[in-house]
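See below for the structure under consideration.
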Amino acid sequence: MTAPSLRLSGTARIDGAPIFGPVDLEAPAGRWTCLLGPSGVGKSTILRLLAGLGEEVTFEGEMTAASGAPGENLVALMAQSDLLMPWLDVTANTMLGARLRGEAQPRDRAREVLERVGLAAHAAKRPHALSGGQRQRVALARTLLEDRRVVLLDEPFSALDARSRALMQDLAAELLAGRTVLHVTHDTAEAARLGERVLLMTRDGIALVTPPEAPPPRRYDAPETLAFQGRLLRQLMEAR
Amino acid sequence: MIRVPHAAGVALLGILAWQAIVTLAGLPRFILPGPLAVFSTLWTSRNLIAEHALITAIEVLVGLGLGAALGFATAILLAASPLARSLLRPMLVFSQAVPVFALAPILTLWLGYGLWSKVAMALLIIYFPVTSAFFDALMRTPPGWLELARIMNATPARILMRIRVPAAMPGFASGLRLAAVYAPIGAIIGEWVGASQGLGYLMLLANGRAKIDLMFAALIVLAVLTLLLHAAVDAICRRLWEG
């Protein structure tokens, strides 16, 4: 599986109002890139554009979109909301992509993936019977089953409690390794733990901040992780 | 859902107040019979009332089933096709400007004195609420689900059948709950305009012969049937789509 890289440079507006830009973003192939920035700076808009959504956005510039041939999509998206269908059980939610494309249901692979996210015992439950952390793990299982080379994460862990969030970060880092990941977050601690490459997005554009040597997921209490987190926060505070 | 002990308490109070009014005002039987007179008529005429109640129940159930199915199909057609929306929606709204009551004589003329003119009335009266409630719900699918489906390369038809329709079932259920209350109204109006059977017919007949106690007995049975239908529809909807 060779994962493509993502690149986007240009400006975006919605109904004439500027959303971001000019910015220059690159997410190298097979690496985990964190896009960190305050709310309202246009991070999610970048993600939507790369996902082939965002008809409401007027984008001027260049983008190596993650979509291949027309109708073929190379990306999977995991959002802040788990987007589980309440009328489907965990297994059926995991296989949603196949259901929606009219393909044969990959039951064996679904079982395997649910095993890997630690939900094998909950496979027949409905989403309302799960905790927030478990629901987000189902969303991760669904993302894994799609098996796309590019994975876009839009603050997927931000609604979780601290412990669930740390566990989810470890799990996602392990299971999504080798894919091109672009992870939008406003959490400096998260970027410090997960980013192989960390991009800081402010009104002035996108700046590259070099993370510690240690491979992600970095220990949340390691001095270099905490120091890097402090550095990211300082740069955020100093930006306009 | 109405809690049974509370509902029973309120009903008992109502009956007591009813008896009090009749006794204190000294109303004659042919104006307002007391609850005792009505319940004794209900008992002595139980076979007659049951026979007519069965007819009305069949009209209501057939009308409810057909109206719900037609409303379901119309809402899906409207949701699936912008062309259907632009053509049919103004007509649907316009149709609501015509009082269904005014159509009853015409329906009786076209469909006769039997079952089908009443079924048509019940159907017409519930068609719009069911269509409208389900269609509104179909157009309000959470955008996140639709975007997820698009990223998964789903076709519009599959998005409709696998996401929008199941997501809109609670809306369809609220349309059905309304329909369960409206459908008996339609059937009764149909029976008033022209029928030889049914609770509406029995009420008119009793009224004409100054058997007001029989009229009230039929009215009570009609109300109880409507409540039962509503409770049954509510229970089915909860079980299917809100469990």
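Cβ atoms are placed via backbone N, Cα and C, with glycine included.
Just so you know, TrEMBL annotations never went through curation; they're auto-generated.
Within the listed segments B:161-181, B:182-202, TrEMBL records transmembrane segment for the stretch B:182-202. Comparing B:7-32, B:92-113, B:119-138, B:214-233 for CB pairs under 8 angstroms to the transmembrane segment (B:182-202), the maximum falls on B:119-138.
Within the chain carrying the transmembrane segment (B:7-32), a Cβ under 8 angstroms from the stretch's Cβ atoms is held by residues 210, 212-213, all 6 or more beyond its ends.
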